[in-house]
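J.: The N-acetylalanine feature in Swiss-Prot is assigned to Ala2. The domain 'SAM-dependent MTase PRMT-type' feature in Swiss-Prot is assigned to 308-615. Marked as S-adenosyl-L-methionine binding site by Swiss-Prot on the basis of similarity to another entry: Tyr324, Lys333, Tyr334, Glu392, Asp419, Met420. What Swiss-Prot records for Phe327, Glu435, Glu444 is protein binding site. Annotated active site, proton donor/acceptor per Swiss-Prot: Glu435, Glu444, in sequence order, evidence recorded as similarity to another entry.
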Amino acid sequence: MAAMAVGGAGGSRVSSGRDLNCVPEIADTLGAVAKQGFDFLCMPVFHPRFKREFIQEPAKNRPGPQTRSDLLLSGRDWNTLIVGKLSPWIRPDSEVEKIRRNSEAAMLQELNFGAYLGLPAFLLPLNQEDNTNLARVLTNHIHTGHHSSMFWMRVPLVAPEDLRDDIIENAPTTHTQEYSGEEKTWIWWHNFRTLCDYSKRIAVALEIGADLPSNHVIDRWLGEPIKAAILPTSIFLTNKKGFPVLSKMHQRLIFRLLKLEVQFIITGTNHHSEKEFCSYLQYLEYLSQNRPPPNAYELFAKGYEDYLQSPLQPLMDNLESQTYEVFEKDPIKYSQYQQAIYKCLLDRVPEEEKDTNVQVLMVLGAGRGPLVNASLRAAKQADRRIKLYAVEKNPNAVVTLENWQFEEWGSQVTVVSSDMREWVAPEKADIIVSELLGSFADNELSPECLDGAQHFLKDDGVSIPGEYTSFLAPISSSKLYNEVRACREKDRDPEAQFEMPYVVRLHNFHQLSAPQPCFTFSHPNRDPMIDNNRYCTLEFPVEVNTVLHGFAGYFETVLYQDITLSIRPETHSPGMFSWFPILFPIKQPITVREGQTICVRFWRCSNSKKVWYEWAVTAPVCSAIHNPTGRSYTIGL
């Protein structure tokens, strides 16, 4: 049968389905669709024109089977190759009570039969503003029984009536007409998934028409859980050789959908009758093969998209060998460090002193030695003499450093097994070098570590890095909201998972406004009273109707003069993959209207044993303060 099943785009192949409104012979049709290269078939579970009666006699008791037998296909084929479709006459939100009640019963009958067949997914239409009863019937179905189907809501990218020329002037306006026409369908979807309490089993099948909305509307859709994209054959153009192709704008949208690994569904009749129907699918394959290749960062991050990880706590915990190994593979970070040390050595030691002036370098938090090697390479490149101390608190990593020293470094490097804050240095350093930054700059306690070590830096000494700044940006992402919600632990407060940050490769999300600087730290810190607690207020203008789910955190650091590292999207160091962004979630999604401002308050707090963040949204509405007193998350000193 078909090569693949619903639910996965294996490798680089496009996963695709054929949408049909009527299937007289199911086994024959499935065979023909598979022969054309499609992986699954979308079809009605009941005959689309068979209106069942559930209320009135005698039609209510009409004899005979309601639909065809499940024995026409094997259980495996039902499980993997068929996506069910709701009959088009079912209208659970009809204002006519008889139609509504009949529709409710018919909808449950079809959903239950789909569950009985074990269908992997079921398509339901969202084609009007009010879908409240549809949401109730579906939610009740999800919460009863032990089935595991996904429910794909078929939502048009642009509402069909917005394309009509005959819209009646001065007609009474409905609620959603306070939104622009091209935003209507997103509002339908947002209200629907809110009514369904963000169920992970409800996703979007986005129907793409000939006309596309503006980029910000498309951007917002790409933060939604899109599982499928429905492409009508009518949107395809014809090239010189008679083959179906898409406009440049549509191609760009397809490239973005391919990144989300959506499945494509072709619907409609063959508009290119000289060509086989499979030519539509072949064109999608062609686009997939010719999309821009992934960069080094995307290749490294493959498989980690939207996967939540707890931030490392290298001060409190000793890292494992594999963790060091991953970070050491970064091609950019250490070359930037080498360049910074090289420049610093040239600035500190004039040419005429290069044979007599020996610079004392201390690598604080040496790990398995990558910064020591970068320092030695920089000294060689600059033709300057250095004396190195490699200070590391993890006794397991010290074994690696001592082996390096024995086999490679020799007496030029002194390995010190100690916490840098407690070490009594035999001399003062000209340069201290460290890589203590986390995804939010200071979240691995670089300020506390370097402040505790700066007493053994000379008065004119240099710290590499010399400065770092965290950044925040508001984001919308159903996927991440649901991932955080699923992190609930048995013995903790039921909302504790919303009061802690996560390191995550952001993928299925929409950034609502440009990142803004949050906290800045400089080294050496010459303040007479050093205090690393911080408080900032950030205001983000939002130009689109949307929903806020949390904040993405980034950082930039100045290693030395003009040598920098950054994970802020606008200035991201090309090819660097040592850090994924950080996510600060919020407990309750907040609806934001176009033109409103999101105001967030962020605190960095500490006591003698730990550091933590607190955060709260104060506009357009107030949230609770998250993580007060560090009750859900702290970073151990």
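Including glycine, each Cβ sits where the backbone N, Cα and C put it.
Locate each feature and note its surroundings.
T.: In the three-state DSSP scheme, Met420 (S-adenosyl-L-methionine binding site) is classed as coil. Within the same chain, residues at least 6 positions away in sequence whose Cβ sits under 8 Å from that of Met420 (S-adenosyl-L-methionine binding site) are Leu364, Gly365, Val391, Lys393, Cys449, Gly452, Ala453.
In this view, Phe327 (protein binding site) is surrounded by 18 other Cβ atoms within 10 Å of its Cβ, with every protein chain counted.
Glu435 (protein binding site) carries neither a helix nor a strand DSSP state and counts as coil. Non-local contacts of Glu435 (protein binding site) by the CB criterion (under 8 A, 6+ apart in sequence, same chain) comprise Lys333, Tyr337, Gly365, Gly367, Leu371.
Neighbours of Glu444 (protein binding site), defined as other CB atoms within 10 A of its CB across all chains, total 23.
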J.: Counting distance between Cα atoms, which of the binding-site residues Tyr334, Glu392, Asp419 is nearest Phe327 (protein binding site)?
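T.: Nearest by Cα distance to Phe327 (protein binding site): Tyr334.
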J.: To the nearest whole angstrom, what is the C-alpha distance linking Tyr324 (S-adenosyl-L-methionine binding site) and Glu444 (protein binding site)?
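T.: Cα-Cα, rounded: 15 Å.
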J.: For the protein site made of Phe327, Glu435, Glu444, how many Å separate the two farthest Cα atoms?
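T.: Among the residues the record ties to protein, max Cα distance equals 15 Å.
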J.: Pairwise over Tyr324, Lys333, Tyr334, Glu392, Asp419, Met420, annotated as binding S-adenosyl-L-methionine, what's the top Cα to Cα distance to the nearest Å?
T.: 24
J.: Write down the Cα-Cα distance for Glu444 (protein binding site) and Glu392 (S-adenosyl-L-methionine binding site), rounded and given in Å.
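T.: Here the two Cα atoms are 15 Å apart.
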J.: Give the number of CB atoms, excluding that of Lys333 (S-adenosyl-L-methionine binding site) itself, located within 10 Å of its CB.
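T.: Excluding its own Cβ, Lys333 (S-adenosyl-L-methionine binding site) sees 24 Cβ atoms within 10 Å.
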J.: With every protein chain in view, what's the tally of Cβ atoms within 10 Å of the Cβ of Tyr324 (S-adenosyl-L-methionine binding site), excluding that atom itself?
T.: 19
J.: Calculate the per-residue pLDDT averaged over the domain 'SAM-dependent MTase PRMT-type' (308-615) and state the result as an integer.
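T.: Taking every residue of the domain 'SAM-dependent MTase PRMT-type' (308-615) together, the mean pLDDT is 96.
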